[in-house]
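What follows is one structure encoded as structure tokens, with my remarks underneath.
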């Protein structure tokens, strides 16, 4: 009797332990299934409101609206700077045609032409107030004193040149002499400093004229924004470094905006600025909420992975493979968090710009533009829950490793052509003058653009270079278009066909998916075959539906 009691107690304890293990396993399976559900499926399963989805939709609308508003304002600023630069070129450059030639605006070929262009700048500057049609004037310091124009000439310290005798004597040391010019005393100043303008052109390297102007961008009033005050730092350069008989004239401007010191405006511009600041603050709040929710999801995913790994090790004496681990480490959440951080930084910069405390429109536009790009790309995650909409995602993931390795090899050939084209064709062809221009030209040829123009622009003055250019261009086009580009497309096509076959015949199952299907046959994968198929399975298995529960999709 005593033995029977002991046996029954032992059986009850074993069954109790088994029951607890089964309950623990079912709870883990339910949590895993729930984790991999879509937001709508989670709501149907547990009436869990999809807060992250709602926040993402709201964030997309708000960030896109913010980007459009900032973009319209940025266009006004950029157009104002560009149009002012064009106006200054027409005001100060003699015989300016309205179109820059290569990297300079005007070129003169005679000594008298240099003097005429130089004095033309000084004369136009002296009567700027009667010439300019825009709200632009001379710059003043804090004491109200007019900031003078500064003219500097740079030349070789000593030298003599006799081309007929093929003789020269040059001291390569450069000297710089500068003088300031007051527009109120222009005629008297030129007479008193006539010796300054006696130029030895064989020694002259360049002449630089620098001055500062003030302007106000009034066009922002139309968009109900407060106008900005601008400081234009203008530099006019007479470049004679080549000593080729051609003096190039450049005009460069550096525009910096700031808040106007004394202003008064009627209407709703000031109120509109307050509304925009309030809107930007709300955008920051939404982005912070989104980042917190995504961070929370990542933490919960890591904890769930630890539970699954511990359970797998205790019950099956197996480690969770890397493919299954990547199912829990959701890269989309990282993308959303990065986009939120960029949007917050961009919104803060935008608020500083609207408050006239900052002028870096370009930096702000980069942050806002990149964050908007990432936000819209992040929407693809929710489309990935539907099998018919996730083909693009799966194809990109499956093809990316092979495409990356292929591009590394093709890039070596591309760089070789880039350096070769720059060193050989650079002096004779404007599209090959710099390394970046060569790379852009070759990329254009790779896409079939501008082929005839590239061939035709190289004149046949140098027969050897002309023959080399033909061999160079024909070989590049033949190699990259007919071979490299075709192979590149073939890699993507092969990945797409693989996706189609798996969608038709079924995806290979990982240990995680077998566990969700309540299968126990966890097969051991050989190391050699695992190495060959790991990269493919890791991206293909992530969107496989579980047959017993069609509401579950695994998305990494």
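Cβ coordinates are placed from backbone N, Cα and C, and glycine is handled just like the others.
Between the listed ranges 192-215, 216-239, 240-263, 360-383, TrEMBL ties the annotation transmembrane segment to 360-383. Looking up the ranges 403-425, 426-448, 495-517, 518-540 in TrEMBL, the one annotated as transmembrane segment turns out to be 403-425. Secondary structure of the domain 'Polycystin cation channel PKD1/PKD2' (363-499), assigned with DSSP and counted as helix (H, G, I), strand (E, B) and coil, comes to 113 helix, 0 strand, 24 coil. Remote same-chain residues near the transmembrane segment (275-302) are listed as 35, 51-52, 55-56, 58-59, 62-63, 66, 69, 328-330, 333-334, 336-337, 340-341, 343-344, 347-348, 350-351, 354-355 (criterion: CB distance under 8 Å, separation of at least six residues from the stretch ends).
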